[in-house]
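The block underneath contains the structure these notes are about, expressed in structure tokens.
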């Protein structure tokens, strides 16, 4: 199972790496257009939602246009900061104009004194995804642990972000794999099946 996942992950990352820079920019702008609607369709009343974005690694889609659009709409933004193996992620408050520090894994993240907040909506990168909402990331399982922990406490929306070329017919799954609720690609918005009980 792990060998198959590794092969799919490599193929998905290779496909993503081949995306033209102009297409990357178009996708970042598309996320800024559709992302706020996906946030507010899920969370209509009460306090502004807390939304987790991600600091792009390599050829992952850019988040800055989406971050600015959500910030302008009054959404509280967070980024993950603790990638400790075996634990759910920790999120710290972030504004698109804030200076980010470089964390232990080389990922840009909010400064250490930024307040911790728990997200209601999470935008999550994928190396591969399928229409059921299952995804592969980089193989550490941090996102699955995080989604499981959050879903045990409240209703959340997990939104995958990937290019259409990263879609696979059927991503192999194990019992610990947590599905996404929505996947946004450069071509579609896919509403996935409800998470397993």
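Here the Cβ of each residue, glycine as well, is placed from N, Cα and C on the backbone.
Some features that TrEMBL has for this protein:
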| type | residues | note |
| --- | --- | --- |
| BINDING | 5, 6, 7, 8, 9 | ATP binding site |
| BINDING | 60 | substrate binding site |
In the structure shown, which of the binding-site residues 5, 7, 8, 9, 60 has the fewest Cβ neighbours within 10 Å?
7
Rounded to the nearest Å - Cα separation of residue 5 (ATP binding site) and residue 60 (substrate binding site):
19
Between the Cα atoms of residue 8 (ATP binding site) and the residue listed as 'substrate binding site', what distance do you get, rounded to the nearest Å?
16
Cα-to-Cα gap, residue 9 (ATP binding site) vs the residue listed as 'substrate binding site', nearest whole Å:
13
